[in-house]
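For reference, the structure discussed in these notes is given below.
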Amino acid sequence: MDLEEKPLNERSKAFEMDAGEKRLNELGYKQELRREMTLFKSLAITFSVMAIFPGTPLYGASLLYAGPASLVWGFIVVSFFTCIVGIAMAEICSSFPTTGSLYFWAAHLSGPKWGPFASWCCAWMETIGVVGGIAAQAYSGTQMLQIIILLCTGTNKDGGYFAPRWVFLCMYIALVIIWAVLNTFALQVIAFIDTISVWWQVIGGLVILIMLPLVARPTQSASYIFTHLELSPDSTGINSTPYAVILSVLYSQYTLYGYDTAAHLTEETKGADKNGPLAILSCIGIAMLFGWGYILALTFSIKDFAYLYDVKNETAGALVPAQIIYDAFHGRFQNSSGAIVFLFIIWGSFFFCGLSVTTSAARVVYALSRDNGIPYSHIWRKIHPKHKVPTNAVWLSAAIGVILGFPILKVTAAFNAIISISTVGWVGGYAVPIFARLIMNEKDFKPGPFYLGRARRPICLVAFLWICYTCSVFLLPTLYPIEWDTFNYSPVALGTGLSLVMLWWVLDARHWFKGPVRNIGVENQRSLDI
């Protein structure tokens with residue numbers, strides 16, 4: 001009787017198995033992480049990574065390069081191409097709903113000959129990007145906290161406390177540690193916090209987008225916002241209009257990525273072959289709408305363009321959006337209380353974003369170590385027995401994020417380098433699987449519910465070219481003349497890091513790294529297929 005019931009029970013289990021888990025088993029992986037996230041929770045974490053306000057520190061520089069028109073219309077252009085990249089990635093995510101996401105996709109789409117090398121390149125680009133993302137968000141959050149403390153204690157003009165570099169670094173490290181501690185707990189805790197994050201950003205974002213221009217009245221004219229192009233060669237050293245316009249779009253390119261987070265969470269998401277792609281595209285759409293609205297709200301509210309960059313202004317010229325918000329509230333109410341509230345809303349966005357980036361980074365490190373792609377992989381791939389969270393991977397990511405922050409003590413342009421490293425690594429990782437999907441034989445691709453069909457080739461081609469362009473512009477000099485304080489050292493840092501990774505591949509890794517390693521036995525696989 002028992003022998004007859006066993007196959008029946010196994011068939012019943014397979015029948016009830018989540019579609020994403022079944023596809024995961026087909027790809028050679030057993031379910032280890034807890035699959036309990038809904039579409040909304042996946043969307044919440046992904047949207048928290050993209051956020052509404054991540055480009056706030058870059059707004060001032062982008063506005064200075066070529067004026068408001070280039071910044072406003074540039075966001076529209078970047079949004080269009082981001083949608084193309086998102087569509088290409090959504091199709092691949094639907095077919096391969098795994099935590100390894102990008103580098104797993106690269107391995108399987110590139111075939112047995114090139115798969116190991118493609119996944120090696122993609123994995124390290126992605127790891128550099130997401131871990132660098134922790135540093136970028138920690139810097140942004142700390143800078144905003146620095147301004148909040150300044151305005152709470154006065155202003156730059158009347159003795160307010162402006163944190164020196166060593167205090168700045170301490171606050172930076174504290175943020176990273178808080179994110180790591182929170183990520184050490186069960187995924188339900190992170191999902192709950194990220195649910196709060198969605199409402200924080202949506203409600204808080206709407207308040208800022210609507211209220212700021214109303215408080216700042218009279219605002220700038222529509223003609224100034226949409227048609228005014230103005231270079232600032234005295235401040236930037238750039239006299240070329242095309243070059244200035246290219247640099248002014250960096251704000252938008254930095255803001256509109258991170259949507260691959262939904263793919264990293266697919267092993268923990270119900271119905272991931274459908275909900276993963278849906279979360280990717282939904283988050284891009286939401287980020288586009290709120291992101292453009294945020295640019296318009298800030299730019300319409302400008303009072304005195306030149307004063308925004310004056311180091312003697314109330315915010316020490318450290319953060320242009322903070323000065324815009326301060327001018328609006330102080331001009332109308334003669335106090336900064338409202339400005340502090342708005343800045344706290346933006347700081348909350350950085351906090352939630354950094355928390356989610358830490359979640360994503362840990363999943364990337366875990367997935368790569370699961371396939372023996374990181375030194376001492378046996379340590380980093382361990383899962384907490386109770387919470388089912390890759391705790392060691394969380395703390396490794398956090399430790400590297402802290403190390404990336406130490407140049408803050410000496411290098412003025414540290415933030416520009418950090419965001420360049422993060423963006424080139426993160427977005428550059430998108431290029432490998434998309435290029436592989438572009439050139440692969442269609443008969444070798446097993447489509448998921450989201451399938452492009454014949455449209456995949458032109459979409460993948462445009463997406464790939466746009467990614468190459470984005471990575472290139474983040475490596476360009478941003479200020480002239482080039483000196484130690486203005487030098488964009490990201491090409492040197494990335495070049496050195498990637499050269500070491502490639503050298504490791506040539507001398508050693510190519511002999512043993514085979515890409516994603518199946519962790520489910522053939523016998524077990526057959527039983528699941530009964």
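Including glycine, each Cβ sits where the backbone N, Cα and C put it.
As recorded in TrEMBL, the features of this protein are as follows:
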{"type": "TRANSMEM", "residues": "39-59", "note": "transmembrane segment"}
{"type": "TRANSMEM", "residues": "71-90", "note": "transmembrane segment"}
{"type": "TRANSMEM", "residues": "166-192", "note": "transmembrane segment"}
{"type": "TRANSMEM", "residues": "198-216", "note": "transmembrane segment"}
{"type": "TRANSMEM", "residues": "278-302", "note": "transmembrane segment"}
{"type": "TRANSMEM", "residues": "339-368", "note": "transmembrane segment"}
{"type": "TRANSMEM", "residues": "389-409", "note": "transmembrane segment"}
{"type": "TRANSMEM", "residues": "415-439", "note": "transmembrane segment"}
{"type": "TRANSMEM", "residues": "459-480", "note": "transmembrane segment"}
{"type": "TRANSMEM", "residues": "486-507", "note": "transmembrane segment"}
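Long-range Cβ contacts of the transmembrane segment (39-59) within its own chain (Cβ-Cβ under 8 Å, at least 6 residues beyond either end) map to 71, 133, 137, 139-140, 143-144, 190-191, 194-195, 197-198, 201, 205, 250-252, 254-259, 261-262, 265, 269-271, 275-276, 278-280, 282-284, 286-287, 290-291, 294-295, 298, 319-321, 346, 349-350, 352-353, 355-357, 359-360, 415, 419. The transmembrane segment (166-192) is in contact with the transmembrane segment (339-368), judged by 3+ CB-CB distances under 8 Å for residue pairs 6 or more apart in sequence. Within the same chain, residues 61, 81, 84-85, 87-89, 236-238, 246-247, 249-250, 253, 413, 416, 419-420, 423-424, 427-428, 430-431, 434-435, 437-438, 452, 486-488, 490-491, 494 sit at least 6 positions outside the transmembrane segment (459-480) and bring their C-beta atoms closer than 8 Å to a C-beta of that stretch.
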